[in-house]
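K.L.:
Not my notes, these are from TrEMBL:
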ACT_SITE  Cys440  active site, nucleophile
BINDING   Gln304, Glu361, Asn412  S-adenosyl-L-methionine binding site
Amino acid sequence: MTLAATCSRSVTSVKRAILCSVTKTSLLFSANNSVPADQGKQPSKKRWRKGHKKVLIAEHLSWEERLADVVTPLWRLSYDEQLELKQKNQERILSQLSRHLLGDFQPHSSSPDRCNLIFPVLPILPSPVRDGYRNKSTFSVNRGVDGNQKTVGFYVGTGKEGNIVCINGDHLLNMPEKHKLVARCYQDFIRLSSLEPCLQFHTGGHWREVTVRTNAEGHTMAIVYFHPQTLTPEEVAVHKAELVDYFTHGPGSVCQLDSLFFQESAMTRCTHEESPYQLLYGRTHIYEEVLDFKFRISADAFFQVNQAAAQVLYGTVRDLCVPDQTGGQKKVGGTLLDVCCGTGAIGITMSPRVDRIIGIEIIEQAVEDATHNAALNNVLNCEFIAGKAEVVLPGLMSQLSSAGRGLTAVVNPARAGLHHKVIRALRNQPAIRRLLYVSCKPDGEAMRNFKELCCAPDPKKKLTGEAFSPILAVPVDMFPHTPHCELVLLFER
């Protein structure tokens with residue numbers, strides 16, 4: 001069957017079952033889409049370069065404006081304008097895939113912005129919350145505008161050019177007030193401390209970033225990162241005690257922290273396994289709810305940074321991946337393969353509709369959280385496997401062959417996309433008839449994944465299975481005031 005015929009047939013059936021529920025989600029929030037730009041902001045589209053990726057930093061701009069242009073590049077636009085820009089960008093990206101599948105390998109033969117789409121791209125689903133939506137923020141420590149090296153905020157400039165300046169983030173639209181408060185208090189604390197900040201590992205210093213996590217109920221977790229350098233454990237213990245006292249009985253108590261963690265590390269990024277997070281005060285976890293399911297959030301666990309929009313995203317994924325044609329009265333059935341499952345949010349929210357869920361995740365702590373989350377919600381049909389997907393999946397596929405047409409896959413990889421062995425395993429498993437790909441960067445490595453899922457069988461690449469066809473795409477705005485969004489792309493065969 002030709003690609004066009006397959007697309008036409010599948011779109012009709014898919015839309016009948018799931019387009020209604022997704023469109024309802026869009027309509028639910030569309031009434032509130034018209035959010036005017038804040039007073040005092042002058043929308044200026046001339047400021048943006050092609051693609052809206054870089055900002056022309058003018059000398060007359062304040063430091064606050066320069067930082068806003070780096071962290072929230074779309075802050076000058078109304079929310080309607082932001083959504084329009086993102087919609088066009090997603091259509092432009094997906095037109096590359098369409099042209100590739102149609103055999104048009106000369107993108108410069110006409111306008112590069114043409115959108116010859118061979119499958120529908122629904123209107124972008126807006127975020128229910130536009131300001132202060134982040135539930136996780138990491139604040140850096142470096143030299144401020146006034147020269148004080150103990151400044152907590154976000155960078156303007158680059159290390160390569162040697163012009164980094166750390167700017168306070170109190171004015172940023174995507175930051176909640178609680179995160180800003182913790183950052184201000186942490187700055188106050190390290191300025192009182194006798195220890196220097198660690199700006200570059202080889203130059204010494206100790207105090208590094210602080211990460212703040214919050215949930216919808218206002219519970220707050222802070223994680224302070226620290227370079228021990230040559231300090232003895234006893235000396236480090238003194239400064240940890242000072243940190244605890246400041247946030248529990250000192251000026252920092254205004255933050256009302258529910259958890260205070262501390263991680264000693266001589267590396268830029270360090271996992272819990274490499275250097276355990278030390279609980280200095282309070283609870284070991286905070287909890288969040290999505291689609292009536294409760295999830296445990298560890299210090300280093302992945303969770304969508306916009307909880308309200310996560311409900312839109314996971315609801316969309318659920319309705320596209322496992323369409324409910326029974327009005328919620330009974331399960332659709334089958335097996336769901338959840339690749340890069342994280343803490344299990346996608347699989348658990350789909351659990352009422354399927355018979356079995358198998359999740360694969362490389363981070364062991366995330367798998368522990370996923371297992372705990374399943375038990376917490378009394379979900380008994382989930383199994384989570386720790387390991388690299390490219391190692392686990394090929395061996396698992398032989399066990400899933402008996403699933404027949406009841407096997408569905410959902411993948412939600414990081415920006416690096418899926419390993420070619422994962423694509424090969426998914427492509428060569430004939431029982432998988434429907435596959436959903438969630439990507440925060442579809443114009444990166446994910447595009448390579450899309451093309452390999454859809455290309456003609458290629459024995460040289462060991463892609464011998466029947467090709468998938470893109471059926472439907474739904475952008476979801478998870479990150480207002482930035483150019484980014486999540487793309488949900490449905491494939492069938």
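Just so you know, glycine gets a Cβ as well, placed from its N, Cα and C.
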K.L.:
Around the S-adenosyl-L-methionine site (Gln304, Glu361, Asn412), what further same-chain residues have their C-beta within 8 angstroms of the site's C-beta centre?
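P.N.:
Nearby residues not in the site list: Phe302, Cys340, Cys341, Gly342, Thr343, Ala345, Ile346, Val438.
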K.L.:
How many Å separate the Cα atoms of the residue listed as 'active site, nucleophile' and Gln304 (S-adenosyl-L-methionine binding site)?
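P.N.:
Gln304 (S-adenosyl-L-methionine binding site) has its Cα 11 Å from the Cα of the residue listed as 'active site, nucleophile'.
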K.L.:
Other than its own, how many Cβ atoms are within 10 Å of the Cβ belonging to Asn412 (S-adenosyl-L-methionine binding site)?
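P.N.:
For Asn412 (S-adenosyl-L-methionine binding site), the count of other Cβ atoms within 10 Å is 22.
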K.L.:
To which of the recorded positions Gln304, Glu361, Cys440 does the lowest count of other Cβ atoms within 10 Å belong?
P.N.:
Cys440
